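Visitor: Pulled the feature table from TrEMBL, pasting it below:
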- 22-137: domain 'Gnk2-homologous' (DOMAIN)
- 145-251: domain 'Gnk2-homologous' (DOMAIN)
- 1-19: signal peptide (SIGNAL)
- 268-288: transmembrane segment (TRANSMEM)
Amino acid sequence: MHLIIISCLAAVFFLHVDAAPGTFVYTGCSPSRYAPNTAFESNLNSLLASMASTASTGATYSSFTSGAGPESESAAVDGAASAAYGLYQCRGDLRPGECEACVRDTVLRLGAAVCAGATAASLQSDGCYVRYGAARRNLVGRADDTSVAYHRCSAGTSGDAWFLRSRDAVLSELQQGVDATATASSGGGYKVSASGPVRGVAQCLLGGVAAADCTACLAQAVAQVHGTCGAALAADVYLVQCSVRYWTNAKYVRPSQGNPEDDAGRTVAIAIGISAGVAALVVFISFLRKACSS
């Protein structure tokens, strides 16, 4: 019975880690819309195509500009911005082929479906982040912007002392910051930590995010993890410039709070136990009948 329950729990907490890189996490779309058949739409389409093409070279991060005039950040046509700016960044542990596939898939969703017609948009998938807008200064965000773009906490929690010490050790190491000045090709801006049954990763946006700002952002993200998710067995927090994630090998930590998957595991285990008991009883009765008749 316990083996079945443990297997179900392990599947729950490793779900977001083993998910395909293109798995959707969150998106943000500006309320403003651009008119069709305009210079901005043409430049945006060109920019999104360049993202997909550049990702095929193996670069894990790159920023883009399409249609900007040399005299200003964004040229204007009929009073409307015409230039488009964008960037993408892949998770630091992805192979080049995985990064390319993730960016291509995310660009396709962002441009054609999720935020169709928006003058600024971003989409975070499990393996990469894509963002575009009509102003370069808004791409990375302000260094002091500590707003939470997205967070999720596992339903299962634990007061196990070993788990809590391990979780805090992982978050403490991640909070110390990552090398935000490393080159995109080296997987910079990404850090991995492990302690006991807990694993965690942190990442800052490359380009435009100074090392000190990266460290400050991660400290805020860790504070959000503690404040929002408490003793959750797994948690993800995404700020504008960075993200922190941790998860637990549930085989080694007993949760103090369950979730629907736990109940399903218990139901299956109980059903199997009842079936086995009934089968044993039938065999025993059959044996008694044979013994009595003889």
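Cβ coordinates come from backbone N, Cα and C, glycine included.
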Visitor: Please work out the helix, strand and coil residue numbers for the domain 'Gnk2-homologous' (145-251) from the DSSP assignment.
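Guide: DSSP classes over the domain 'Gnk2-homologous' (145-251) add up to 37 helix, 33 strand, 37 coil.
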Visitor: In the domain 'Gnk2-homologous' (22-137), how many residues does DSSP assign to helix, to strand and to coil?
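Guide: Secondary-structure composition of the domain 'Gnk2-homologous' (22-137): 38 helix, 36 strand, 42 coil.
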